[in-house]
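Pulled from Swiss-Prot:
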type     : residues                             : note
BINDING  : ASN12, ARG23, GLY200, GLY221, HIS222 : 3-amino-2-oxopropyl phosphate binding site
BINDING  : ASP14, HIS15, ARG50, HIS55, THR105   : 1-deoxy-D-xylulose 5-phosphate binding site
ACT_SITE : HIS48                                : active site, proton acceptor
ACT_SITE : GLU75                                : active site, proton acceptor
SITE     : GLU156                               : site 'Transition state stabilizer'
ACT_SITE : HIS199                               : active site, proton donor
Amino acid sequence: MAVLKPVRLGVNVDHVATVRNARGGALPDPVRAAALAKAAGAHGITAHLREDRRHIRDADMERLKAEIDLPLNFEMAATDEMVAIACRVRPNACCLVPERREERTTEGGLDAAGQRAELAPRIARLKAAGIRVSLFIAADPAQIAAAAELGADIVELHTGAWCDAVTEGRHVEAEAEFVRLKAGARQAAGLGLEVHAGHGLDYATAERIAAFPQIVELNIGHFLIGEAIFVGLDQAIARMRAAIAAGRAAVGDGAAA
């Protein structure tokens, strides 16, 4: 078996901005959090500029690109406004996600199969600007196939349903979701897509999914920012990196077969 590269950790700083915006003003600064994440060994920074600007602001995205020497993953809705902003900021990648104003967080995956007409020109415009395109989707065969057909470079598999089932002790459902994720990772890699995963991951679930040999990157935010309240961001990231490394090491032990 070929030696696998370590799984990259992308740190999402959205919820530093959530705390800032709860009171207004400039603090805590999500760009400072991104700098601390880099110092702690993060491989990339993720931030979601929502249409309602509930946490990350336009200026945050511009500063993250200008001040943080790490790949920037710009999460956004597939709208003309967001595509124009992304083409100006020029992040390393854009991850297209579904958005509903009434949701507290991104609740489901993008319907790539059902929104081809809307997605295709926006994906093409981002790629023409030299931006890699990722689609945040469920581990569903039709969605993964659509992502490849649309010309996406990456799929980020939505791990939220699995993580919720694990946390709530719904063991049968958790195992079924895990099997779906494993099959989805295999399908996506087989179609030439780079495979990422994220949403709801903690130390234990990140370790387990890092054992999928197809996984290249995990994007984690809310859990790490919550842990940082108690142990500091550097320690939270260090422990997460160790968990991910342990999961990747399990590939050689046959745990991901």
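Glycine is no exception: its Cβ is also placed from the backbone N, Cα and C atoms.
Known features from Swiss-Prot, placed on the structure.
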residue : record                                      : CB count, 10 Å
ASP14   : 1-deoxy-D-xylulose 5-phosphate binding site : 22
ARG23   : 3-amino-2-oxopropyl phosphate binding site  : 8
HIS48   : active site, proton acceptor                : 24
ARG50   : 1-deoxy-D-xylulose 5-phosphate binding site : 19
HIS55   : 1-deoxy-D-xylulose 5-phosphate binding site : 21
GLU156  : site 'Transition state stabilizer'          : 31
HIS199  : active site, proton donor                   : 25
GLY200  : 3-amino-2-oxopropyl phosphate binding site  : 19
GLY221  : 3-amino-2-oxopropyl phosphate binding site  : 24
HIS222  : 3-amino-2-oxopropyl phosphate binding site  : 16
Any idea what DSSP makes of ARG23 (3-amino-2-oxopropyl phosphate binding site), helix, strand or coil? helix
I'd like to confirm something. Which of the recorded positions, ASP14, HIS48, GLU75, GLU156, has a Cα closest to the Cα of ARG23 (3-amino-2-oxopropyl phosphate binding site)? ASP14
Are there any residues in the same chain, six or more apart in sequence, whose C-beta is under 8 angstroms from the C-beta of HIS15 (1-deoxy-D-xylulose 5-phosphate binding site), and if so which? HIS55, GLY221, HIS222, ILE225, GLY226
Sorry to bug you, but what's the C-alpha spacing from GLU156 (site 'Transition state stabilizer') to ASP14 (1-deoxy-D-xylulose 5-phosphate binding site), rounded to the closest Å? 17
ASN12 (3-amino-2-oxopropyl phosphate binding site), Cβ-centred 10 Å count of other Cβ atoms over all protein chains shown, is 28
Number of Cβ atoms other than its own within 10 Å, given for GLU75 (active site, proton acceptor): 27
Quick check for you: of the recorded positions ASN12, GLU75, GLU156, HIS199, GLY200, which have their Cα within 10 Å of the Cα of HIS48 (active site, proton acceptor)? ASN12, GLU75
Pairwise CA distances across ASN12, ARG23, GLY200, GLY221, HIS222 (listed as binding 3-amino-2-oxopropyl phosphate) top out, in Å, at 25
Quick check for the class: what is the C-alpha distance, in angstrom and rounded, between GLU156 (site 'Transition state stabilizer') and GLU75 (active site, proton acceptor)? 11
